[in-house]
């Protein structure tokens, strides 16, 4: 209690002195840093640029860099970014939230390791918290690796720890974090510094205020990573008095997120001093002697720093030295975009025209089929109507029956025979039709049904034309004599090829600088080609590819053919020259 009262009294006296000094020197400029303290970065000139043009250029460059400083999860500027094993970055809070959504509990790291609120100042932190004894990481690591103890996400007595997978939003893949989760990842302190410089350059989030001033607080001009607070000039001097240990604290730029002075090993909480090339990971002294890095190629972090910095510097210098090339390629890409838009619109119109053509053909076919059905229907209706009319004449009181009854009243025999002859034929036909009744036409139109299964399948499989697949060289039919005969075929399910392109070159001649030059024979019809007059005793490599309306396909595998040597001319007795017939043998081709 006495210690707390003394501290409160000391703070009250300091506040009174600050108010008196402000009242006496209202317009005093901010003091320069003391010679005994390191000069903060805010007092060091980064480049000899002066004027509004330099300031405007810096702001423009920083503004264009904003998209590189956005977290892929929250789409806001990084806050305490963590480096994933896939080299992408993500905010620590976002990573904990993603793991929570994936069902991992207790693997979000230690949120109390770094305060996220600027209110955690020297005057508000509890002294008991600083005196609390934390468990040793080495002992905890040994317990976990030996299988003893439990932690969230690990079953008691499990032989194999749980492997945590993190869905990286940048590369769209699952990244293994190991059994430690986010606590085994490094913070990207360099990215934090870049974000902080960006915020100060473009004035994002307003001014940072002093955390020790009485209301209204002044704008902060310094920060202290040891005290984890921001100060104005007067408060910094008051809380870092001369002759005390706090006077040795190094002032920094004011910030809302305080970072450790250097990268600490997440496993052993020690400063990293080496870099493992095999694991591509920073390690500390304890990591070097552990079994996990035995036999690995480990170098000091200074060597890795110099090597990587040289590579990055050279790459950046190459990019900056080829800005004209970059601009030319950008123009070419923009022109390609315009051509793509035009070509895409043309392709849409062509497809629409072809589909309309198919629709017109179908409409014409529909009209012809409907006309055929209509003609068949009218013919059947006519026959059925005639049959109805014939049956109606057989009804009592109809014309035919009444006429027959009147003819039967005739008594003159010759006249009756003459009139009844024709009538009897009509009555006989009607009687036969009555006895063997059957409709003159069927009412079914089953013969007019359409089978469109094949057509529907073709329409369903209707798709864009694909380029031919890579041809397959027929090694049984390909050979080299005084001529080279090349034979090939397309794979079974390959789209058809309209023609082929055969390319060949010699491989036993000295290579010329630049790209490999092939001799080409265009628009070869069929699946074979004959190359005449090749050089004797040479090795030729040949390949072929197909082409159709969609474009050129892939090349076949290279086939190497050896042409026979030149014939051996020998002279016999006299002046007669005798040519020995060489025993040329076909050389089987070899695929590469």
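Including glycine, each Cβ sits where the backbone N, Cα and C put it.
In TrEMBL, annotation is done automatically, which means it is predicted and not curated.
Range 105-137 is the one annotated as region 'Disordered', of 105-137, 138-170, 171-203, 204-236 (source: TrEMBL). Residue counts for the domain 'B box-type' (260-301) under DSSP, split into helix (H, G, I), strand (E, B) and coil, are 9 helix, 11 strand, 22 coil. Residue counts of the domain 'COS' (408-465) by helix, strand and coil are 35 helix, 0 strand, 23 coil (DSSP-based). According to DSSP, the secondary structure content of the domain 'Fibronectin type-III' (467-566) in residues is 0 helix, 44 strand, 56 coil.
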